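Copied from TrEMBL, the annotated features are:
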type     : residues                                                                                      : note
ACT_SITE : HIS152                                                                                        : active site, proton donor/acceptor
ACT_SITE : LYS156                                                                                        : active site, proton donor
BINDING  : GLY11, ALA12, SER13, GLY14, ARG15, MET16, GLY96, THR97, THR98, ALA120, ALA121, ASN122, PHE123 : NAD(+) binding site
BINDING  : HIS153, GLY162, THR163                                                                        : (S)-2,3,4,5-tetrahydrodipicolinate binding site
DOMAIN   : 5-123                                                                                         : domain 'Dihydrodipicolinate reductase N-terminal'
DOMAIN   : 126-261                                                                                       : domain 'Dihydrodipicolinate reductase C-terminal'
Amino acid sequence: MPQSIRLAINGASGRMGRALLALVREDRRFELVHALVSAGSEHNGTPVFGVSTGLRYSHSWETAPAIDVVIDFSGPEGLAAALVHCTTHGIPLVVGTTGIDEALEVKLAAAGRQIALLRAANFSLGVAVLTRLLREAAAALPDWDLEIVEAHHGRKEDAPSGTALALGHAAADARGTTLAKDGVYVREGRPGARRSGSIGFAVVRGGDVVGEHTALLLGQGERVELSHRATDRSIFARGALEAGAWLATCKPGAYSIDDMLQDRSRRA
Ligand SMILES: NC(=O)C1=CN([C@@H]2O[C@H](COP(=O)(O)OP(=O)(O)OC[C@H]3O[C@@H](n4cnc5c(N)ncnc54)[C@H](OP(=O)(O)O)[C@@H]3O)[C@@H](O)[C@H]2O)C=CC1
Ligand SMILES: O=C(O)C1=N[C@H](C(=O)O)C[C@H](O)C1
């Protein structure tokens with residue numbers, strides 16, 4: 001049997017981190033060698049899988065052992081630190097964190113020229129298909145109004161979600177425009193009539209909603225609704241692990257989920 005992939009999870013104590021730990025424990029492709037949390041975390045130094053395995057949560061990259069791939073679901077600050085470690089040591093990095101600002105975007109673009117880096121705002125297969133369907137619908141119905149509505153749990157920190165923005169970028173691209181030009185994120189007071197060609201975003205936050213996205217294509221007398229509803233975080237974790245196993249075999253470069261799916265179907 002080939003050697004297992006030495007995996008580090010950045011953000012290991014979070015909602016996504018816990019979903020990953022539950023799967024990794026049963027996945028013989030991987031050996032979890034480092035589980036990172038924030039410097040102030042209550043989990044720091046405590047056992048990850050119970051005392052018998054010896055692995056403890058850590059806030060330090062300096063004490064990291066040899067790693068074959070890092071999966072990050074930590075947030076922008078944690079991701080910035082992971083980027084430094086991965087680019088310094090040439091380690092492939094899977095990025096799930098969303099809500100990334102311009103400065104970090106620039107660093108990510110640079111890192112994608114040095115290491116194998118795969119980013120996805122959403123690791124579910126259903127959202128990959130939804131994105132393709134939306135591209136097609138947005139291009140086929142160029143004059144219809146387009147609005148993207150998303151809903152998430154009340155603890156989510158960024159808005160609109162990374163997935164909503166990725167859907168918006170895909171639709172804008174299919175219509176030959178950009179979100180910088182046509183995205184509308186706030187409507188309040190008397191914003192006036194809807195500007196033709198704009199792409200609007202609406203955000204719902206509350207409860208334990210895992211993640212829901214709907215693209216509304218609104219015509220006169222009819223509409224198309226394309227929706228995806230995640231009901232279990234393990235779908236994102238499973239997708240991220242597939243990405244990690246694949247990325248560990250890749251040369252440096254910036255990759256997407258579509259790159260992985262195409263490469264795997266070519267090899268099959
Ligand atoms: N691409 C996708 O498919 C998905 C993306 N996401 C995105 O993933 C990110 C995380 O989401 P979620 O798990 O819900 O968030 P949580 O807040 O539940 O988890 C964040 C985790 O990151 C840790 N952390 C915070 N700061 C640092 C740091 N500086 N270094 C290392 N670890 C750190 C926290 O540790 P502690 O609190 O113990 O200090 C915690 O374990 C978000 O950006 C979210 O939008 C979420 C789901 C799916
Ligand atoms: O924070 C979350 O929970 C999620 N974040 C991602 C996003 O911002 O799109 C993906 C998923 O919807 C869950």
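The count begins at 1 with the first shown residue.
Keep in mind that glycine also has a Cβ here, set from the backbone N, Cα and C atoms.
TrEMBL does not curate its annotations; it predicts them automatically.
Source: prediction; values computed, not measured.
Helix, strand and coil residue tallies for the domain 'Dihydrodipicolinate reductase N-terminal' (5-123), in that order: 37 helix, 28 strand, 54 coil [DSSP]. Close contacts with ligand 2, defined as a Cβ under 6 Å from any of its atoms, occur at HIS152, LYS156, GLY162, THR163 among the recorded positions PHE123, HIS152, LYS156, GLY162, THR163.
Looking at THR98 (NAD(+) binding site) and THR163 ((S)-2,3,4,5-tetrahydrodipicolinate binding site), their Cα atoms lie 8 Å from each other. Take the Cα of GLY11 (NAD(+) binding site) and measure to each of the recorded positions HIS152, HIS153, LYS156, GLY162, THR163: the nearest one is LYS156.
For ARG15 (NAD(+) binding site), the count of additional Cβ atoms within 10 Å of its Cβ stands at 16 [all protein chains shown]. Within the set of recorded positions SER13, HIS152, HIS153, THR163, SER13 have a CB atom less than 6 Å from some atom of ligand 1. When averaged over the domain 'Dihydrodipicolinate reductase N-terminal' (5-123), pLDDT in the model lands at 96. Those same-chain residues not listed among HIS153, GLY162, THR163 yet with C-beta within 8 angstroms of the centroid of the (S)-2,3,4,5-tetrahydrodipicolinate site C-beta atoms are THR98, ALA121, ASN122, GLU150, HIS152, LYS156, ASP158, SER161, ALA164, GLY211, HIS213. If you take the C-beta of ALA121 (NAD(+) binding site) and look for same-chain residues 6 or more apart in sequence within under 8 angstroms, you find THR98, SER161, GLY162, THR163, LEU165, ALA166.
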